[in-house]
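Student: These came from TrEMBL, pasted as-is:
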| type | residues | note |
| --- | --- | --- |
| DOMAIN | 35-143 | domain 'PH' |
| BINDING | 45-72, Lys447, Lys449, Ser530, Arg557 | substrate binding site |
| DOMAIN | 153-188 | domain 'EF-hand' |
| CARBOHYD | Ser199 | O-linked glycosylation site |
| ACT_SITE | His319 | active site |
| BINDING | Asn320, Glu349, Asp351, Glu398 | Ca(2+) 3 binding site |
| ACT_SITE | His364 | active site |
| DOMAIN | 501-617 | domain 'PI-PLC Y-box' |
| DOMAIN | 617-745 | domain 'C2' |
| BINDING | Ile659, Asp661, Asn685 | Ca(2+) 4 binding site |
| BINDING | Asp714, Asp716 | Ca(2+) 5 binding site |
Amino acid sequence: QDYIKNRFKSDHSKHFWRCSETPNVILMLMDANLQSMHVGAVMRKVKSRTWKKQRYFRLQDDCATIWYKSKKAGNAHSTFSISDVEAIREGHQSEVLLSIAGEFPADRCFTLVFRGRRNNLDLVAESAEEAQSWVKGMRKLIESLENMDEQEKLDQWISDWFKKADKNGDGRMNFKEMLFKFSSNICAILCTLQKADKSQSGTLEDDEFVLFYKMLTQREEVNKIFQEYSSDGQTLSLRDLEEFLREGQLEQERVQEHAMELIERYEPSDTAKTRQAMTIDGFLMYLLSSEGSVFKPAMQQLYQDMSQPLCHYFISSSHNTYLMGDQFRGSSSVEAYIRALKRGCRCVEVDSWDGPNGEPVVYHGHTFTSKILFRDVITVIGNYAFKTSQYPVILSIENHCSVEQQRTMALHLTRILGDKLLRNTLEGKAYSGLPSPEDLKGKILLKGKKIGGLEESLSGVVEDSLAAEVSDEDDAAEIDEENDIVRRRPKKSKQRLSKELSDCVVYCKSVRFNSFKHSSVHSKFYEISSFTESKAKKHIKDAGAEFVHHNARQLTRVYPNGIRTDSSNFNPQEMWNAGCQIVALNVQTASTEMDLNDGLFSQNGRCGYVLKPAFMRSMEKQFDPDHPETQDGYRPVKLAVEVISGQQLPKVNLKEGSIVDPLVRLEIHGVLKDQAKQETRYIDNNGFNPVWRETLKFTIHVPELALVRFVVEDHDKTSKNDFIGQYTLPFSCIQQGYRHIHLLSKDGTSIPPSSLFVHIRIKEGT
């Protein structure tokens, strides 16, 4: 128990359970900026040019929460967790702060960027020194949280709940107040509380808390595995650990060397380390680490060949990127571009229209969406294009502007982006095919209409302008016959394309699609066609193998039907199955489809490019997504997942008396033959440490294209189940053996310490 006592030391003059040894509290004792934040400051919270109100902000004692209130609000106050903050931006780096740039200098302004889809918090400090104190302090706290291991995250979670239970601040935890906080069987928790309450006072204090913590975090299922492999019942010797790695984790290479590395890395006891052994604490720390997670660590790094032509990659892509909400009345914002680029999108969309004072604007035409300046969009893209990934960004221009404002667009593109904008073919790559992501590192490519082709551009023989449909698509007009209940717009009239804007297009010339036969004869490697989801589905159904072949030699973009005015998404997996590279989704909308997108692009360093399987890149081979068994080298595999247990699943229904009844669903997303799902039974009244021990089995015919999605729901007998958390990853990135799956929220953000514990086995099928 000394280990636990050291983590949660008594302090009888204050709260005995205060985490006086957690990293952030230690930081505050040593850091002047954090001490200043703890004292607090009055700052302006800014929502618009006219809404600027003073609020008192203060870092709480736990160094994990910011508390703030209005002077006029009486006792009412608000809080947010440091763990919810993704980044700090200094100066006028938001639309709101830019709008008041003339009123408040940049050195007093900063923005807190929250994880997921939550709105930013724009603040103005009373002085530049105070702003710097908060910026530096917040960054230090965020860095400290990001460096926590899973055990420290669990400690923090337990500490947070206990603090919420101490309503009167007397350093004791009241049973009744505590019970409401747990997503578990009240009788079981009460029984544990009573066992720990040696003084029978109805509260926990000092050593009673230590005992309760130990009982609460006991992992019987992990202990059982530990005992199974331990020779002496106390530790895992080096030989025991090797046996576990071979039999439990199904490892075959470098087993002894890996076992020694694990002891050195995760064993907290120096005595055990000296004996080359691992205790139960070290064993659990390993299983909770990134090495013990379901995702192969090597595949989270940049591991793929990045020297193939662009058309050989799936490319993370956003549709109508400027929108923060729906397609009809949603607000347009440069913030939407920042979020898309920060999450790894490598293709973003800009719909440009004639604006006042000769300045083009960006918005969803013929709707009530708000307008933003084209030059502001390009400025933000230039600033954020390569913060997450150095690989190329494709700027998909939907051009609805007059020739005069097209020239203004070209001027902004060249002046703002400078050398980042690709203006010419790469040396030696003029006629030999598309360049690779590696060739194009740090470059922004324009996708749009072009006068003539690369050949004419290189020869210098190009008309000054071209009468053509300058826009490649018009989302709300592209509605299939089956949806003709929506009023169609008038047919687009032909409009002239300026040479200046045309010259900015090099390798991504937008063209109308005729047929696969026509494309195979006439299309150039630098041409790209766009399809609505419905048209793409029709081509896949009618000629799936031809579509795959088409996508092996040139780029294809697929975007949502115009009827999706709510910014919902289509299933991207169907498009990836046909080799479509640029599958544009409404990234602002949390959905299963975005989980799949995030899952696919979570590999390869999250660089936004994923190399397609070899059979989808070959011009000699034919792959039919509807008939994978006809493929050369067809080898299905068997996947068996034993869902063992869950840990600290959050309550989704906060009504008093509501307790989680969790179940786990495993979904396979891939070619049609692989689409499948199975689920466990639900566990009554236990979200804290449910145990299932159920095995779900699948046959996967095309593992190279499959995604695996783990979903946890709260079972409801009378209505739809409530979503608790999920985790999606490529099948090819799965680690076998005993693994933890660290769950994500609906927004795709982590919800520590919530996890699943599973055992995974993959075998070749027959």
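Each Cβ is built from the backbone N, Cα and C atoms, and glycine gets one as well.
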Student: Which of the binding-site residues listed here (Arg49, Phe57, Lys447, Asp714, Asp716) have a Cα atom within 10 Å of the Cα of Asp661 (Ca(2+) 4 binding site)?
Tutor: Asp714, Asp716
Student: For Glu349 (Ca(2+) 3 binding site), find which of the recorded positions Phe57, His319, Ile659 come within 10 Å, Cα to Cα.
Tutor: His319
Student: Cα of Lys447 (substrate binding site) to Cα of Asn685 (Ca(2+) 4 binding site): how many Å, rounded?
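Tutor: It is 54 Å, counting Cα to Cα.
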Student: In this predicted model, what is the average pLDDT of the domain 'C2' (617-745)?
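Tutor: PLDDT averaged over the stretch: 93.
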Student: Between the binding-site residues Asp61, Asp661, where is the Cβ count within 10 Å the lowest?
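Tutor: Among the binding-site residues Asp61, Asp661, the sparsest Cβ neighbourhood within 10 Å belongs to Asp61.
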Student: Give me the CA-CA distance between His364 (active site) and Asp351 (Ca(2+) 3 binding site), in Å, as a whole number.
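Tutor: It is 7 Å, counting Cα to Cα.
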Student: Between the binding-site residues Glu349, Asp351, Glu398, Asp714, Asp716, where is the Cβ count within 10 Å the lowest?
Tutor: Asp716
Student: Around the C-beta of Phe57 (substrate binding site), how many further C-beta atoms are within 10 angstroms, looking at every protein chain?
Tutor: 18
Student: Do any residues at least six apart in sequence from Lys45 (substrate binding site), in the same chain, have a Cβ closer than 8 Å to its Cβ, and if so which, in order?
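Tutor: In sequence order, Lys52, Lys53, Gln54, Arg55, Tyr68, Leu121, Asp122, Leu123 meet the Cβ cut-off.
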Student: Could you measure between Asp61 (substrate binding site) and Asn685 (Ca(2+) 4 binding site) for me? Cα positions, answer in whole angstrom.
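Tutor: On Cα coordinates alone, these residues lie 33 Å apart.
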Student: If you draw a 10 Å sphere around the Cβ of Arg49 (substrate binding site), how many other Cβ atoms fall inside it, taking every protein chain shown into account?
Tutor: 11
Student: Out of Asp351, Ile659, Asn685, Asp716, point to the one nearest Arg49 (substrate binding site) in space (Cα versus Cα); all of them are binding-site residues in the record.
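Tutor: That would be Asp351, nearest by Cα distance.
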Student: Could you tell me the C-alpha distance between Glu398 (Ca(2+) 3 binding site) and Lys69 (substrate binding site) in angstrom, no decimals?
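Tutor: Spelling it out, the Cα of Glu398 (Ca(2+) 3 binding site) and the Cα of Lys69 (substrate binding site) are 44 Å apart.
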Student: Highest CB neighbour count within 10 A among the binding-site residues Thr65, Asn320, Asn685?
Tutor: Asn320
Student: Mind tallying the domain 'C2' (617-745) by DSSP state, helix then strand then coil?
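Tutor: Within the domain 'C2' (617-745) the tally stands at 10 helix, 60 strand, 59 coil.
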